[in-house]
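Peer 1: There's a structure below that I have some questions on.
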Amino acid sequence: MDYPDPDTIRILITTDNHVGYNENDPITGDDSWKTFHEVMMLAKNNNVDMVVQSGDLFHVNKPSKKSLYQVLKTLRLCCMGDKPCELELLSDPSQVFHYDEFTNVNYEDPNFNISIPVFGISGNHDDASGDSLLCPMDILHATGLINHFGKVIESDKIKVVPLLFQKGSTKLALYGLAAVRDERLFRTFKDGGVTFEVPTMREGEWFNLMCVHQNHTGHTNTAFLPEQFLPDFLDMVIWGHEHECIPNLVHNPIKNFDVLQPGSSVATSLCEAEAQPKYVFILDIKYGEAPKMTPIPLETIRTFKMKSISLQDVPHLRPHDKDATSKYLIEQVEEMIRDANEETKQKLADDGEGDMVAELPKPLIRLRVDYSAPSNTQSPIDYQVENPRRFSNRFVGRVANGNNVVQFYKKRSPVTRSKKSGINGTSISDRDVEKLFSESGGELEVQTLVNDLLNKMQLSLLPEVGLNEAVKKFVDKDEKTALKEFISHEISNEVGILSTNEEFLRTDDAEEMKALIKQVKRANSVRPTPPKENDETNFAFNGNGLDSFRSSNREVRTGSPDITQSHVDNESRITHISQAESSKPTSKPKRVRTATKKKIPAFSDSTVISDAENELGDNNDAQDDVDIDENDIIMVSTDEEDASYGLLNGRKTKTKTRPAASTKTASRRGKGRASRTPKTDILGSLLAKKRK
């Protein structure tokens, strides 16, 4: 591709590269970094002005030396060179880069010769952790090879500051918002805690581009970021985290901006969304013209074929005939392998490499099989199927995933949870595990077991939501001190609360102590952010022609003369701009859009987008810290719907809590039987230290 003209900003867009995914696998271990290298070579060969990466560059927040080496090598080969970077930075980068020393863009550093700058945000996989709250993107920023922007310092008070660029007559405002837990971000937007700083707007002078990394669709009422929460001055939103590639712009008619969902560059789960063709995108922006987007297919993607069948739909199969079922499934897999190999040959022939490859790359194959009992008979017997691992091992050496070619699952039946299960209602029986296993599509995660166990237990001290998240950090992100730190923090908080309760200090009754502890636990689980009293925002032009921001009858001026703040209104979820009539600018000019129109219906009450307290309810606030499974990180994925359904059931079960009783009620209840437990003994000893 030729060089862009002096007034065109050319951007390569990518997201969810997941370098390091499954890197110990002898067949697919190098797929992620090879594709990332291809992406960056496309940026170099197409003479782009910058690369924008919308999260999850690495698959884990502690990447291996191999993954880190491959990324550093690729960035050095593709981003450094003699070609000058023609972008002029107009804003103060120290407001965006939250570092002590490296507060400038890397291409303006005299110690580096950067030809293609990379701007990236952190995702949910490579997020910050540890005492210093550092993530892999911080390390790359310190090396000078990446510009890490969009960091979130406080999740309940977020200020989104753009980087302002100019090339010729074209001006670009680049916004970034790193990954925040979806429920928490939903609550922050709802409470008016998100502030956008916007450049001076004149007749569409600025092209406003934003990168986010959140759920795009609702797994629960609050576990996603609605497009309606984003301000309407944006022109385009790059949506990371979702792995399905949608190779066209989708227009939001309510907010009047376009949404691009690039998808992942490597298949991290064997599901339908990952089976779609994968692209990177080149965006050309020129002042006065509609943006031009060009999708470029990725060539290093391993061929992936997926098929779903139901044994009920095969008339000649009988539930008890295991051999006939296995024979039929083998035929289906053989057909999928033939189709995948033909597609790989065609791809190599188009690239001119058909005769140079000694062996075809092995494809990824996934056959999902519903083995539920036939619905047209009274027999409750399910189809007899072979062990999935043994069945899959037939194809070792011919497919890339020789251990999980087939996935057996049953249709979900209505779930009725018993209050008592096993001993004291806190244990999970083999039948419970089997039910969870079948509901999750044959692949069970530790997170699902922990969530189900906590729903059946009646913890009197630790909040289940926080404990669930601590276990996830311990298992998924190898944070060995996550559980210890969480328990120590919660005990310290609750002991501090109880030490100020005079009635608790006076009583020695164990039952009364337990009742008071439950109240403290409920209060500790729900920490709502108080809504701001006045979020109304007004804009006016001052004497210098620059915007100023007024909120709550106070005038607040920003530090940069080119940027003005914009608050997200707590009532309507949009940015209100009311300007003086004497200098009222015209609205954003209508661009000729080539985007696919998608009619977005008005959100009903069931989606809980409105900020009315009676619609959201206390239960949603109480469960704002529920962590939703990231289906895109599963080595062999289940359906997102299956995973979210199990968590949603847990959520509904958990929200049925009794209202907090008063201390007087607790006192009367404590006059009955009395029994001491190790938990109350521990609290008693801690409180004794407090008394001293």
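Cβ atoms are placed via backbone N, Cα and C, with glycine included.
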Peer 1: Hey, Swiss-Prot has Mn(2+) 1 bound by D16, H18, H243. Any idea which of D56, D182, D191, D284 it lists too?
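Peer 2: When Swiss-Prot describes the Mn(2+) 1 site, the candidate it includes is D56.
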Peer 1: For the Mn(2+) 2 site that Swiss-Prot gives with D56, N124, H213, which of H241, H251, H316 also belongs there?
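Peer 2: Checking H241, H251, H316 against Swiss-Prot: the Mn(2+) 2 site match is H241.
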Peer 1: Given 370-389, 610-629, which one carries Swiss-Prot's region 'Disordered' label?
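Peer 2: It is 610-629 that Swiss-Prot describes as region 'Disordered'.
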Peer 1: How many neighbouring Cβ atoms, not counting its own, are there within 10 Å of the Cβ of N124 (Mn(2+) 2 binding site)?
Peer 2: 22
Peer 1: I'd like to confirm something. Which of the recorded positions, N124, H125, H213, H241, has a Cα closest to the Cα of H18 (Mn(2+) 1 binding site)?
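Peer 2: Checking each of N124, H125, H213, H241 against H18 (Mn(2+) 1 binding site), the shortest Cα distance is to H125.
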Peer 1: Can you tell me the three-state DSSP label for H125 (active site, proton donor)?
Peer 2: coil
Peer 1: Reported as an integer number of Å, what is the Cα distance between H213 (Mn(2+) 2 binding site) and H125 (active site, proton donor)?
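Peer 2: Here the two Cα atoms lie 11 Å apart.
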Peer 1: In whole Å, note down how far the CA of H241 (Mn(2+) 2 binding site) lies from the CA of D16 (Mn(2+) 1 binding site).
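Peer 2: About 6 Å separate the Cα atoms of these two residues.
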Peer 1: Between H241 (Mn(2+) 2 binding site) and H125 (active site, proton donor), how many Å separate their Cα atoms?
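Peer 2: Spelling it out, the Cα of H241 (Mn(2+) 2 binding site) and the Cα of H125 (active site, proton donor) are 9 Å apart.
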Peer 1: Counting other CB atoms within 10 A of each CB, which of the binding-site residues D16, D56 comes out lowest?
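Peer 2: Among the binding-site residues D16, D56, the sparsest Cβ neighbourhood within 10 Å belongs to D16.
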